[in-house]
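This report concerns only the one structure given below.
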Amino acid sequence: MSVLAVADLHKSFGGVRAVSGVSFAVAPGEMLALIGPNGAGKSTCFNMLNGQLRPDGGRIALDGQDITGLAPRRVWRRGVGRTFQITATFASMTVRENVQVALLSHHRRIWRFWQPTSALFAAEADALLDQVGMEAQADRAAGVLAYGDLKRLELAVALANAPRLLLMDEPTAGMAPAERVALMQLTRDLTRRQHIAVLFTEHDMDVVFGVADRILVLNRGELIAEGDAAAIRADARVRAVYLGSGATSGGH
Amino acid sequence: MLTVEDLHSFYGRAHILHGVSFALAAGEVLVLLGRNGAGKSTTMKSLIGLVRPASGRIAFDGQDIAGWEPHRVARAGLGYVPEERRIFSELTVLENLEVGRRKPRDGRPAWTPERLFALFPNLAALRGRQGGRMSGGEQQMLTIARTLMGNPGLILLDEPSEGLAPVIVEQMADAILALKQQGVTVLLAEQNLHFAARVADRAAVIETGRIVWTGTMADLHGDEALRAAHLAV
Amino acid sequence: MDFVLVQLLTGLAAASSLFLVASGLTVIFGVTRVVNFSHGSLYMLGAYIGWSLLTRLPREPEWFALGVVATALATGGIGVLLETTLLRRIYRAPELLQLLATFGVVLMVQDIVLKLWGPADLSLPRPRWLRSFVVIAGERVPFFDLVLIGIGPLVLLALWLLFTRTRWGTLVRAATQDRDMVAALGVDQRLLFTSVFALGAALAGMGGALALPDGSANLQMDLTVITDAFVVVVVGGLGSVAGAYLASLLIALLQAFGIVLLPKITLVLVFAVMAVVLVLRPNGLLGRPPAEARGEAHVLALIRPASRALRLLGAAALVAALLAPLLAGPFLLSVLTEMLVAVLFAASLHFMMGPGGMASFGHAAWFGLGAYGAAFAAKFLLLPMPAGLVAAPLAAGAAAALFGWFVVRLSGVYLAMLTLAFAQIVWAAMFQSVEITGGDNGILGVWPAAWAADPRVFYWLTLALCVAGTLLLRRMLYAPFGYALRAARDSALRAEAVGLDTTRIRLAAFTLAGTAAGLAGGLSAYSNGSVFPTYISIGRSVDALVMVLLGGVQTIAGPVVGALAYTGLFDALLLVTDLWRLVLGAAIVVLVLAFPQGIAGTVQRLWLRGREA
């Protein structure tokens with residue numbers, strides 16, 4: 001059974017259709033890429049999936065249960081991790097503390113007023129940081145991390161609630177080419193092992209064609225193509241609205 | 001046209017640039033390549049004056065502009081197109097262009113909105129549109145057009161291809177080549193090698209705040225070891 | 001019908017007066033992002049300068065107009081001075097420190113005006129044309145009212161043309177969004193900011209001069225008008241000139257009719273309107289959600305366990321405080337008791353403001369409700385002091401939970417202004433319920449129990465409760481709740497994305513802060529033996545704010561240091577000079593310029609730097 005099933009999703013802003021009639025599904029352990037021109041509705045789609053936006057119509061089901069219109073924190077409780085296009089971390093805390101907060105929330109230990117936080121779930125936090133190769137930086141302030149490290153911290157935080165599904169909005173934006181592929185390969189290894197489904201948006205075609213199992217193409221709010229890398233590369237419509245000749249993106 | 005010598009810059013208390021030196025001839029497109037955090041953006045910001053260099057020399061058209069305030073640097077003919085676009089989202093396209101307008105300093109014909117619309121045809125239909133209601137690609141074109149309104153002799157482009165659809169990146173490359181034909185000198189910071197290869201004449205590779213290699217794009221292309229060592233490609 | 005017309009015209013005239021001050025404030029805020037507390041001082045200066053000019057000029061209308069324009073130019077010039085000497089240096093400082101610096105200016109201007117013009121209210125002789133009436137629909141309408149009614153829309157139109165039809169206006173609107181980018185495009189943004197500030201100051205000065213015919217120049221007008229202007233700006237939406245006009249109309253008209261229909265409501269009407277508008281529209285009538293501040297993200301300090309040296313210092317201070325009554329006389333002891341109360345009061349504000357990211361302009365509400373809670377328990381329920389000291393935090397905490405439900409949904413200046421609105425509503429309730437609270441005369445005879453009647457015993461009791469309260473708040477910040485609170489402040493987006501209910505967390509923090517402030521208020525009531533509405537005054541809220549900011553928002557020791565420094569400085573100044581406002585104001589300005597991270601924050605930074613080197 002699929003982890004995420006989206007059926008006939010719709011959203012308009014002031015009469016302008018941002019997303020219309022989008023349907024797809026993601027299987028456990030699958031990496032699904034959502035690509036399309038700037039303004040095609042990718043972010044809108046994402047924000048509806050994690051609850052930041054309420055869809056005008058359609059249904060979103062996680063493991064068969066309807067999560068349409070739930071608030072982001074309730075979506076998270078159902079097992080959906082999220083990383084943001086512009087990294088969002090807690091800048092006044094250390095790397096470890098960032099993960100600890102997510103773990104405290106996952107274990108419903110937030111409403112404690114007496115016990116010092118420092119010892120709570122520290123080992124679990126370090127284990128998660130270890131998975132993403134950040135254990136050496138656990139005591140550094142998140143506010144001073146290099147961009148690529150912030151992305152890996154976000155990944156560790158997103159994995160803290162043992163999610164069923166990971167949503168990653170432009171996970172490699174602003175990274176160097178090799179770092180990009182490395183981060184997504186790391187993500188793929190981690191999620192494969194734990195059967196976590198991943199849905200991500202991306203503009204780097206090396207990453208998309210390199211790691212995605214399947215690719216969806218969105219244009220003007222509608223899905224125009226779906227398939228593996230070879231099928232998408234060969235699709236004339238996708239080339240026209242998005243891929244271009246390939247001269248500046250790797251000549252696919 | 002531009003000579004940078006032993007530039008040192010700090011960002012807050014972090015020492016980012018450890019003596020950057022390179023030179024750029026008139027009419028040339030030089031690409032600054034390097035990983036994240038290598039110092040590309042800080043170099044750009046130090047040149048325009050948004051980051052005040054701690055030491056070093058920046059000779060531009062015969063003047064040492066190191067330590068000048070941004071508006072003086074811009075008036076001297078240096079144009080800056082930041083990363084992340086930074087358009088004025090509540091202003092219309094025409095108003096955005098108006099903010100950038102400055103009289104040309106040399107005899108060359110001034111850029112006008114109409115000339116820019118010819119260069120970026122996508123913008124022509126949007127002249128009354130608020131900046132915030134444009135797509136990422138349109139915004140990126142607007143930032144470049146806005147800077148050109150100041151009639152700069154040299155334009156700094158900080159990662160113009162970032163976050164854009166491949167087909168838009170191609171249009172961006174065409175626009176930069178067109179600019180070059182019209183005699184505009186370009187300093188480009190990039191991570192997208194395919195894009196850099198299409199538009200640049202020469203490359204300077206920056207790593208931990210120092211230029212570690214300079215050469216032609218052809219040399220770079222042939223030197224796989226170099227790319228692996230410094231660009232991790 | 002006649003009544004409606006007369007009140008309508010009165011309201012419209014009042015709206016114009018409000019708009020003149022508020023438009024300047026909103027323009028300055030829109031561009032510089034500085035919450036300029038000294039805008040009321042510019043208005044007051046306008047009134048005094050206007051008085052000096054107009055009493056020397058011939059009495060004809062054209063000379064009056066000339067005098068008003070000259071006043072506007074003069075205050076514009078003062079604005080230039082203020083901007084170039086002070087504000088320019090603090091544009092990159094945190095928003096609240098800018099507020100603190102401009103508050104220092106308010107204090108300084110008060111003493112300067114007092115020295116130059118003396119304490120008496122100054123009013124303008126009213127020549128015939130100023131006293132004349134125009135008959136409209138059978139009603140005599142003051143001619144000057146009609147002039148004012150016309151000026152508001154004219155200024156609105158002029159500002160609109162200026163901002164949308166000139167290159168200067170386009171540049172200003174661009175700079176509002178991204179000043180660095182404007183500079184990088186070759187625009188001298190300093191000149192731009194100075195000119196904007198001068199424009200705002202000129203509008204304030206013009207407002208002050210135009211207030212003369214129907215009032216007077218007096219020393220209270222700065223704070224009265226800044227409060228009203230803030231309300232208008234916030235109701236209209238920060239930075240929106242048209243919004244400011246709408247809000248002026250709304251408030252002035254409600255005021256004009258309210259004063260006749262429901263006289264009692266006028267004290268709170270303005271604040272009630274603001275509360276309703278903010279609850280319905282969190283960004284004001286025409287305001288936009290605040291854009292993410294560009295390139296000015298302040299790196300927030302980590303909160304680390306106190307160092308050994310700091311613990312030792314704290315322990316030493318505690319021992320000294322314990323031994324103090326053995327040496328101190330009664331006067332010093334009462335000052336020390338007051339300082340302890342101030343420490344808890346400041347720590348409670350810091351709790352929501354620093355880690356919680358919710359600055360309050362109305363923290364005195366909880367302090368005052370605690371004090372009244374204790375007084376009611378003592379006077380009406382005849383409860384003993386310990387019960388009173390339980391009632392105080394409970395009353396304040398319950399009220400904070402109730403008001404907090406609305407407050408925590410907002411952010412930034414809007415949130416701060418809503419707390420101010422609630423504080424003013426509480427103040428008015430206490431002030432006007434004369435039968436219960438004695439109104440302005442307060443409640444007297446709230447004395448400590450016999451066992452604590454000795455000032456030394458009461459001091460030790462205060463010491464125990466205030467230190468315990470402060471340490472408890474501190475403990476919570478190191479506990480999971482404190483981390484969740486900081487998580488909600490650092491990134492609400494991320495906090496919600498890891499399952500945190502940020503609204504509930506902020507509400508809990510708000511309630512806890514109110515509870516602690518209530519305890520401070522209760523202690524203060526028993527310490528002074530009385531409770532007055534001044535416990536809830538804006539001045540007291542500002543005290544708390546100044547203490548926290550002086551100490552430093554980002555360090556946990558900050559509020560303690562700030563409270564001691566501020567009350568100490570204040571009491572010392574009162575003893576040595578009658579120009580205490582000037583000195584205190586100057587001291588605040590200098591402290592902000594010298595220690596942008598607050599005293600404790602700066603010490604911490606130097607300490608850390610010393611360690612790393």
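The backbone N, Cα and C atoms fix where each Cβ goes, and this holds for glycine too.
A TrEMBL annotation is a machine prediction, not a hand-curated record.
The transmembrane segment annotation in TrEMBL falls on one of the ranges C:352-375, C:544-567, namely C:544-567.
The stretch with the most CB contacts under 8 Å to the transmembrane segment (C:34-51), chosen from C:63-82, C:141-163, C:191-213, C:253-280, C:457-477, is C:191-213.
Of the recorded ranges C:63-82, C:97-120, C:457-477, the transmembrane segment (C:544-567) has the largest number of C-beta contacts under 8 angstroms with C:97-120. Residues 15, 18-19, 21-23, 25-27, 29-31, 37, 39-41, 43-44, 106, 152-153, 156, 159-160, 163, 176, 207, 270-271, 273-274, 277-278, 283-288, 290, 413-414, 417, 420-421, 538 of the same chain lie 6 or more positions beyond the ends of the transmembrane segment (C:225-247) yet place their CB under 8 Å from a CB of it. Contact between the transmembrane segment (C:253-280) and the transmembrane segment (C:413-431) is supported by 3 or more Cβ pairs under 8 Å, counting only residues 6 or more apart in sequence. Within the same chain, residues 38, 42, 45-46, 49-50, 53-54, 57, 105, 130, 194, 197-206, 208-210 sit at least 6 positions outside the transmembrane segment (C:63-82) and bring their C-beta atoms closer than 8 Å to a C-beta of that stretch. When Cβ-Cβ distances under 8 Å to the transmembrane segment (C:141-163) are tallied for each of C:97-120, C:191-213, C:389-408, the top count falls to C:191-213.
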